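The structure appears right after this line, and notes come after that.
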Amino acid sequence: MKTSEWIDISQPLNNDIATWPGDTPFSYEVSWSKEESGSVNVGKLTMSIHTGTHIDAPFHFDNEGKKVIDLDVQVYVGPARIIDVSNLESIGKKELENFHLEGVERLLLRTSSHGKANEFPDVIPHLRADIAPFLSEKGIRLIGVDVPSVDPLDDKELAAHHQLFKHGIHILENVVLDHVADGDYELIALPLALSDADGSPVRAVIRPI
């Protein structure tokens with residue numbers, strides 16, 4: 001039987017990609033060309049960790065929180081379910097109660113609210129804090145969203161971030177889901193082995209189960 005092909009659900013990183021207002025712009029350049037070195041091109045990359053498709057570590061919002069290197073990589077690999085939650089201003093327990101989520105460990109939410117990697121949104125659907133205990137009761141260990149944050153963009157309390165990790169749920173942001181159907185997939189979204197970082201870019205891919 002032919003194995004299904006992997007589907008990329010990552011935002012391509014290039015010099016046009018949007019970043020959080022005031023954060024470090026993405027930049028890639030060849031800093032040492034083949035003509036200069038005589039053998040190879042060597043690139044230089046400058047970026048914020050929270051550009052494009054990425055994961056958050058607790059250190060992002062808690063000075064005492066775990067850093068990327070301390071996170072369990074098993075969480076970012078395995079079966080995942082994509083569900084559609086379009087046309088909602090916020091998402092919490094109430095909005096998810098009618099979905100069958102028993103046995104789901106990784107949940108990706110399609111809000112279809114923005115979808116423009118080169119434009120930072122003015123407002124996004126956000127997760128309410130009551131989603132965390134609900135997801136935890138279902139056994140979910142990772143939540144993914146197709147927007148830059150699980151909290152409102154102008155929020156300073158970051159209640160969803162705090163409650164999700166308090167309940168053992170990891171955060172994946174800025175996945176691209178408009179080109180894939182609802183259903184069950186195998187997910188790989190591994191962070192880099194960054195020792196002191198508050199997050200990491202990932203190449204997120206899925207394939208149907």
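Positions of Cβ are set from backbone N, Cα and C atoms, glycine also.
Owing to the predicted nature of the structure, the values given are computational and were not obtained by experimental measurement.
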Site co-member for Zn(2+) 1 according to Swiss-Prot, given H50, H54, D56, out of E173, E186:
E173
May I ask you to find which of H100, H161, H162 Swiss-Prot records for the Zn(2+) 2 site already listed with D56, E173?
H161
Neighbours of the Zn(2+) 2 site D56, H161, E173: Cβ within 8 Å of the Cβ centroid, same chain, sequence order.
I55, H60, F61, S149, V150, D151, L164, I171, L172, G199
Please report the DSSP secondary structure of H50 (Zn(2+) 1 binding site), reduced to three states.
coil
What does DSSP call H60 (active site, proton donor/acceptor) in the simple three-state scheme?
helix
